[in-house]
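Student: First the structure, which I've put down as structure tokens, then a few questions once you've had a look.
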Amino acid sequence: MSEELKGEARYKSGVMPYKKMGYWDSDYVPKDTDVIALFRITPQEGVDHEEAAAAVAGESSTATWTVVWTDRLTACELYRAKAYRSELVPNTGPGTKNEAQYFAYIAYDLDLFEGGSIANLTASIIGNVFGFKAVKALRLEDMRIPVAYLKTFQGPATGIVVERERLDKFGRHXLGATTKPKLGLSGRNYGRVVYEGLKGGLDFMKDDENINSQPFMHWRDRFLYCMEAVNKASAATGEVKGHYLNVTAGTMEEMYERAEFAKSLGSVVVMIDLVIGYTAIQSMAKWSRKNDMILHLHRAGNSTYSRQKNHGMNFRVICKWMRMAGVDHIHAGTVVGKLEGDPLMIKGFYDTLRDTHSAKNLETGLFFDQDWASLNKVMPVASGGIHAGQMHQLLDYLGEDVILQFGGGTIGHPMGIQAGAVANRVALEAMILARNEGRDYVKEGPQILQTAAKWCTPLKQALDTWKDITFNYESTDTADFVPSTTASV
């Protein structure tokens with residue numbers, strides 16, 4: 001800030017550009033304890049990109065539309081967010097078909113945030129700036145969370161390592177399925193679906209995001225029938241099984257009641273939806289750790305703000321916040337399924353959830369090094385439009401610490417639900433065996449599956465039914481620094 005705009009002169013200025021108010025500082029060097037946010041800014045016509053960045057910094061920290069005398073009662077120089085870097089996004093602006101967009105780096109002093117509160121963090125970072133007139137569009141692309149701030153959060157209630165130990169499942173991916181149809185079944189028929197899937201070889205069955213307590217099936221009935229199915233399948237197979245009982249409800253009191261009932265029935269896992277809100281998610285995470293329960297999060301609603309490339313919020317930020325909040329599972333994309341998912345972007349999401357230290361990688365959309373300060377890892381969930389014929393691709397893209405959920409790919413099997421589960425389990429174990437033998441399971445994948453199908457009729461039926469079905473639409477959210485490979489998956 002120039003000297004002439006400090007002191008009394010500053011407060012006679014009325015309305016000043018945000019840059020001159022101190023929210024732009026190209027010489028600023030972020031501290032290790034700063035929270036850093038990276039925004040994609042599309043300025044309004046005639047607005048300088050540095051001024052737009054300064055406006056976002058100001059309105060997400062201490063500024064209002066005019067200078068105020070009460071600044072002088074605070075450590076205002078410290079508490080102002082500093083936009084310190086703004087650069088043109090590749091393939092935008094002059095000479096391209098896209099209007100100019102800019103990556104703006106903004107640093108926030110740690111004292112601006114309440115410890116252990118996602119709600120407070122988000123109230124500043126995304127609370128007011130997205131409707132600001134100086135920007136035509138705004139997207140939060142990434143954040144660097146300092147270790148000092150991470151240490152104020154619980155992190156995942158259970159974590160991948162303890163979950164595998166608790167469930168006694170090692171050396172392979174976990175398998176699951178969402179009960180279908182997700183609405184309309186009676187409690188008893190719902191339980192029958194759960195039993196058939198688990199008996200056939202799945203590790204988990206799951207409620208879908210919008211099954212709560214409706215006239216056709218009260219939540220208590222669903223819990224009772226599902227846990228009866230879990231116990232019978234566990235006894236029949238000798239394996240630990242589970243069902244994600246969705247405890248999402250209209251109030252925290254109701255959610256706690258449902259979670260306590262799930263625990264009393266012997267469930268190892270409960271489920272919530274992203275739409276319940278950040279504070280409710282953190283509250284359920286604390287309950288889950290206290291009660292030794294795995295917490296599964298369905299990302300219901302995320303695409304309303306994460307899918308568009310120029311406005312909203314990248315899903316990698318949600319991954320970071322949810323790891324801090326304390327969930328154990330989160331749906332994070334499949335690459336080959338029916339939902340949005342560029343391969344490089346999905347890799348960035350999975351790395352964010354599973355790394356102890358995430359290295360900066362612009363190709364996968366990770367703009368910062370991130371030390372996770374010993375917070376537990378989150379198990380990603382791949383769900384939506386996947387089937388046994390894609391098993392080699394899923395293993396290649398997603399790694400081993402992931403739950404592969406085949407809903408329609410289990411329950412839509414022509415020989416029935418249990419056969420669908422058998423097909424998925426055999427396909428997975430055939431691929432794991434090939435991997436362990438050192439074979440190129442990606443290149444040989446189709447042949448490995450065909451060989452296994454010679455002695456497994458359910459797998460043969462699955463391969464014949466779904467063949468090479470994929471959903472190869474180009475993603476809307478793609479990497480900025482390398483070409484998208486979505487269409488060639």
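Glycine is no exception: its Cβ is also placed from the backbone N, Cα and C atoms.
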Student: Determine which of SER26, SER61, SER234, SER383 appears in Swiss-Prot for the same substrate site as ASN128, THR178, LYS182, ARG299, HIS331.
Tutor: SER383
Student: What is the total of other Cβ atoms whose distance to the Cβ of LYS182 (substrate binding site) is within 10 Å?
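Tutor: I get 15 for this one.
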Student: Is LYS206 (N6-carboxylysine) helix, strand or coil when read with DSSP?
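Tutor: Assignment for LYS206 (N6-carboxylysine) reads strand.
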Student: Counting other CB atoms within 10 A of each CB, which of the recorded positions LYS180, HIS298, HIS331 comes out lowest?
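Tutor: Comparing Cβ neighbour counts within 10 Å for the recorded positions LYS180, HIS298, HIS331 gives LYS180.
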Student: Using a 10 Å radius around each Cβ and all protein chains in view, which of these binding-site residues has the most neighbours: ASN128, THR178?
Tutor: THR178
Student: Translate the DSSP assignment of THR178 (substrate binding site) into the three-state scheme.
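Tutor: The three-state answer is strand.
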Student: Between the Cα atoms of ASN128 (substrate binding site) and HIS298 (active site, proton acceptor), what distance do you get, rounded to the nearest Å?
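Tutor: With distance taken Cα to Cα, HIS298 (active site, proton acceptor) is 26 Å from ASN128 (substrate binding site).
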Student: Taking only the recorded positions LYS180, ASP208, GLU209, which one has a CA atom nearest to the CA atom of ARG299 (substrate binding site)?
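Tutor: Nearest candidate: GLU209.
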